[in-house]
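Worksheet: the structure to be examined is printed underneath.
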Amino acid sequence: MDLAAAAEPGAGSQHPEVRDEVAEKCQKLFLDFLEEFQGSDGEIKYLQFAEELIRPERNTLVVSFADLEQFNQQLSTTIQEEFYRVYPYLCRALKTFVKDRKEIPFAKDFYVAFQDLPTRHKIRELTSSRIGLLTRISGQVVRTHPVHPELVSGTFLCLDCQTVIKDVEQQFKYTQPNICRNPVCANRKRFLLDTNKSRFVDFQKVRIQETQAELPRGSIPRSLEVILRAEAVESAQAGDRCDFTGALIVVPDVSKLSTPGARAETNSRVSGADGYETEGIRGLRALGVRDLSYRLVFLACHVAPTNPRFGGKELRDEEQTAESIKNQMTVKEWEKVFEMSQDKNLYHNLCTSLFPTIHGNDEVKRGVLLMLFGGVPKTTGEGTSLRGDINVCIVGDPSTAKSQFLKHVDEFSPRAVYTSGKASSAAGLTAAVVRDEESHEFVIEAGALMLADNGVCCIDEFDKMDMRDQVAIHEAMEQQTISITKAGVKATLNARTSILAAANPVSGHYDRSKSLKQNINLSAPIMSRFDLFFILVDECNEVTDYAIARRIVDLHSRIEESIDRVYSLDDIRRYLLFARQFKPKISKESEDFIVEQYKRLRQRDGSGVTKSSWRITVRQLESMIRLSESMARMHCCDEVQPKHVKEAFRLLNKSIIRVETPDVNLDQEEEIQMETDEGQGGVNGHADSPAPVNRFNGSSEDASQETVSKPSLRLGFAEYCRISNLIVLHLRKMEEEEDESALKRSELVNWYLKEIESEIDSEEELINKKTIIEKVVHRLTHYDHVLIELTQAGLKGSSEGSESYEEDPYLVVNPNYLLED
């Protein structure tokens with residue numbers, strides 16, 4: 001790769017070739033380094049790597065800069081300070097080294113790439129003072145261009161004298177010879193490029209951007225174009241956080257040079273008196289000097305993940321095995337991972353270590369932790385992909401630490417993107433099609449979901465997104481792909497990401513009397529794509545409020561002492577990377593248990609008690625499977641055990657069934673009856689006996705008026721479930737003890753009142769409790785169908801007996817009813 005402005009062979013014999021003595025000395029010393037430097041085993045370290053370069057697809061040798069410093073400090077300093085100048089000579093030294101040992105094609109070029117540079121620079125630190133120096137920079141790839149061939153050294157044919165002019169350097173734009181090399185030919189502009197004899201190399205342009213971690217507060221992230229060549233192409237995808245090793249260079253800004261005004265100026269030259277041009281035609285070069293149309297780009301020779309020891313570019317790396325991950329760790333680090341895997345209290349310790357500054361919300365912590373471990377992605381025989389990533393939505397009142405969860409995950413995960421729903425468009429979340437400034441072709445620019453591929457996408461204010469933007473992520477959440485068909489570009493891109501979303505209730509406060517769907521502004525398809533929903537309600541509780549206040553004050557006053565971590569974040573990252581390599585299988589026992597739990601969820605969904613809960617679908621079954629696999633992964637198990645399924649069911653049950661707990665209206669039937677009476681205009685009322693009027697206060701004593709003003713009797717959902725469970729357990733116990741035992745309604749009421757005898761202090765309270773239990777029994781019988789009144793079939797005795805039977809019927813439990821845990 002001829003990159004430096006190496007001297008061009010002279011145009012004829014009158015121009016001797018200029019030699020660069022410093023670069024030639026570097027070439028000789030670098031060749032000595034390749035031939036003499038030995039590894040820890042005493043063998044020549046780079047000999048085997050160089051022999052692999054004879055394969056057609058290989059042409060780049062990766063050299064450790066630390067080895068170069070160890071071999072010759074002066075050589076390493078010269079290469080670092082004069083990299084762009086000496087780089088072509090280093091490539092020639094490599095070609096000589098390979099040529100001496102193997103037969104290689106004459107026209108094949110070889111390239112050198114450096115890694116393990118001691119210092120890393122930010123994009124913001126790249127100024128003109130670093131032009132030409134060997135530098136390592138880091139950033140996140142946001143746009144990739146397609147790979148195409150680049151002309152690096154052209155062979156031209158003079159159209160006047162047919163002279164062949166070889167090795168004309170191309171300075172990042174199409175460059176013709178200044179003049180024909182034939183001394184008797186004065187041709188300056190009529191040349192033809194011979195593509196068969198010219199040298200081309202693979203060329204790709206990517207755009208990188210500063211990461212959020214290194215961005216100064218309140219600053220807009222800066223971006224830089226990176227040029228990749230040869231083996232470095234296609235080594236970085238949109239969303240990757242990578243280190244690029246190479247040199248900062250100056251190239252002509254072709255996009256500005258190709259504007260209509262610039263093209264017109266290239267043709268306007270000052271002509272002499274005889275019609276000859278007084279200035280030689282130098283094409284765009286002269287214009288570039290005049291207008292200073294140049295820009296900085298980074299020419300990279302090596303690309304590597306920013307943090308390879310923690311999974312590098314992503315949490316999921318399919319090629320890694322447990323053994324390869326172990327080899328990346330030190331002995332002490334591996335012992336720590338092994339110790340964590342044997343921890344009996346690992347589940348709790350990981351939660352507290354990951355979110356040390358958030359008090360309470362243990363269920364949310366567990367759900368987010370399982371999301372980080374993730375399930376096992378699968379592919380069916382027909383090629384259909386089943387996602388393994390877990391999506392979590394946190395819904396809650398303001399100041400319940402929703403955004404803190406998102407921020408913690410964003411900082412912890414090696415590949416996470418944090419965005420706000422209101423400030424994001426559909427293209428910003430998925431992908432945008434933009435026009436390239438130079439080639440004017442359409443290229444794809446990655447959105448948040450693509451940047452978070454194989455990571456976590458944290459979306460705050462999820463409910464504030466426009467409906468059309470919500471629709472854009474339907475496909476990404478379930479199929480984990482993004483399909484684009486616009487501006488002549490048709491592509492299906494990967495978006496294998498877990499989504500952690502935070503949303504506020506519609507009215508600013510979660511209303512327990514309404515369903516989840518009524519509380520948040522999300523469509524049913526989006527809701528069904530979330531595996532876990534967590535509801536955070538800001539309730540007034542003296543004990544909880546004191547604990548939270550104490551925690552916050554401790555954080556402000558003694559931040560170091562108040563943060564108590566069992567494991568450091570680096571320990572958790574290492575353990576997470578190791579545990580994600582496990583692919584647990586579902587055992588037969590666990591399979592039956594999962595089916596049984598899903599049947600319970602479905603039957604409970606259809607019952608009257610939880611009728612307001614959102615629908616339980618097959619997606620919730622898949623959610624249970626993913627959560628079970630995640631639990632097995634966390635404990636480094638190769639098989640999903642029933643205890644893992646039980647915890648997954650508990651979390652799912654917490655987020656689905658307990659999501660809505662409205663108070664139960666025990667006077668519902670009476671209110672409906674009153675509305676019916678009002679609608680009939682008093683037809684069934686007592687018209688013959690008008691209500692007396694109190695003369696002193698002028699108020700009517702009509703019973704119906706009294707009923708209207710009286711508030712309806714309501715019972716908390718948890719209390720209602722407790723009473724119904726007590727009744728069901730008692731009735732079933734009676735059925736088991738005696739074959740023909742059935743309690744009358746009055747006997748059941750008396751039994752309950754006797755059970756709570758210690759809680760009753762007055763006659764008024766006794767009447768109140770009796771009214772409540774009677775209404776609960778009535779609702780369980782006529783609305784929820786938990787209890788069944790025995791019919792009168794076969795008991796047609798005396799009329800007196802039948803009347804008493806209907807007033808006080810026998811009650812039994814519905815055989816299809818499943819008792820809640």
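Sequential numbering from 1, following the chain as shown.
The backbone N, Cα and C atoms fix where each Cβ goes, and this holds for glycine too.
If you look up Swiss-Prot, you'll see M1 marked as N-acetylmethionine. The domain 'MCM' annotation in Swiss-Prot covers 346-553. Feature annotation from Swiss-Prot assigns ATP binding site to H359, S399, T400, A401, K402, S403, N504. According to Swiss-Prot, the feature motif 'Arginine finger' maps to 528-531. Taken from Swiss-Prot, the feature region 'Disordered' applies to 676-708. Here Swiss-Prot flags 696-708 as compositional bias 'Polar residues'.
Sequence features, as recorded in Swiss-Prot, placed on the structure.
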residue	record	Cβ neighbours (10 Å)
H359	ATP binding site	17
S399	ATP binding site	10
T400	ATP binding site	23
A401	ATP binding site	21
K402	ATP binding site	26
S403	ATP binding site	17
N504	ATP binding site	22
For the motif 'Arginine finger' (528-531), residues assigned helix / strand / coil by DSSP: 1 helix, 0 strand, 3 coil
Max CA-CA distance, Å, over listed ATP-binding residues H359, S399, T400, A401, K402, S403, N504: 20
